[in-house]
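Engineer: Quick one: structure below, then a few questions.
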C-alpha cells in the first residue's frame, strides 16, 4: 500500500493507494458521515468501515449534475444536522465526485470531503485536483469550485471486476502523464503492458501512485489555473473534448483523449515545437494499450461542425488564441498560444 501526504494551502491531503486501502476509513468510526454513491455501485464494502452514517444514492447520468439536484443534496445534509466537523464521502466515478465535491464545498462554506473513486480513470484523474462542477442552463460545468478533499482512497479491489475496456479508458490519462510529465512512467508503461492488462496488483499500484504524484505536483504549483502550469493536464483534451461534443458524448472520454493526443502531437511537430519522433512515440504507446489513434477507429459519427464549435467555446480560449500544452519530448512540454483559426484548421483535418 502507498500513502501520499501533501499540503495544499495549509490543508493536509492524503492519498491512500492499494488493496485494502478502505481501511483508512477506520479513523471515521466516531465521526458523522454522509455516504453519497452511484446507484451502479454496491456501497457495502465502504459501509463496513463506517459506524454513524446516512447513505444517499446518486442518480445516474448528467441529471445528477443539474444545479437543482445538487441543491437537493445540500438540503439532505441540512435536514440531517450535518456541521463542518462532519464528513461527506463521494463513492463512484467522475460525475459523483463532481457533484458531491460541489455540494461539500458550498455547504457551510466547506465540509470535510473524502473521494473514493471506483474506476481507474477516477483514481488517476477525476478524484484528484479539487475541481468540482455542476451544469446550469444546459451548459456543462458552468458552475463549480476548487475544493480539495481531505483524503482520496484508491482501493484496488474496485478494479478486480472492472472490464478491460474500462481499464483502457483510464490508461489514456495515465499515458498522458507519461508523455508530457514523466518519462519514467512512460518507460514503465512501455515495459509492463502484460502485467497491467492482467491487473497485476504491484503494476496497478505503481501506475496509480505515479499518476497521482504527477497530477498533484501540477495542482500544487497552479491549483486555480492562474499560472499557466495546470494547462499541461489538458494535453489531448482540446481535440478530445471536441470529439466528445461532436459525437453527442457517445465516445468515451478516454478514447476521445487518446485520439486528441495523437492529433495534438502531430500539430506540435508540424509547427516545430516537438522533437522529431515524438508523434511515433505517442502513437506507439497508445497502440500498445489498444487505444484508438484516429477518428475512424472510434466507430462513431462525429458532427464536425459541432466539434469545431466546441473548440471556439473552450475555456482555454483567450483573445483569439487557445492555450495548449505541446509535448516537446517524452516527459516534457511547452505552453503555446495557438491562433484559434489555426487550431480549427488542424482540427478539421483530424476530424474528417
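For all residues, glycine too, the Cβ spot is worked out from N, Cα and C.
Computed from a predicted structure; not experimentally measured.
According to Swiss-Prot, the protein has these features:
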BINDING   60, 61, 62, 63, 64, 65, 118, 119, 131, 140, 158, 159, 160, 161  NAD(+) binding site
BINDING   173, 237, 253  Zn(2+) binding site
Engineer: Note down the number of other Cβ atoms within 10 Å of the Cβ of residue 160 (NAD(+) binding site), including every protein chain shown.
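Structural biologist: So the Cβ neighbour count for residue 160 (NAD(+) binding site) comes to 10.
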Engineer: Cα of residue 160 (NAD(+) binding site) to Cα of residue 253 (Zn(2+) binding site): how many Å, rounded?
Structural biologist: 21
Engineer: For residue 237 (Zn(2+) binding site), identify the closest of the binding-site residues 62, 64, 131, 158, judging by Cα separation.
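Structural biologist: Its closest listed neighbour, by Cα, is 131.
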Engineer: Measure between the Cα atoms of every pair in 60, 61, 62, 63, 64, 65, 118, 119, 131, 140, 158, 159, 160, 161, the residues the record assigns to NAD(+), and report the largest value in Å, rounded to a whole number.
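Structural biologist: For the residues that bind NAD(+), the greatest Cα distance is 31 Å.
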Engineer: Show, in sequence order, which residues other than 173, 237, 253 on the same chain lie with their Cβ within 8 Å of the centre of the Cβ atoms of the Zn(2+) site.
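Structural biologist: Neighbours found: 121, 125, 172, 176, 236, 240, 254, 256, 257, 260.
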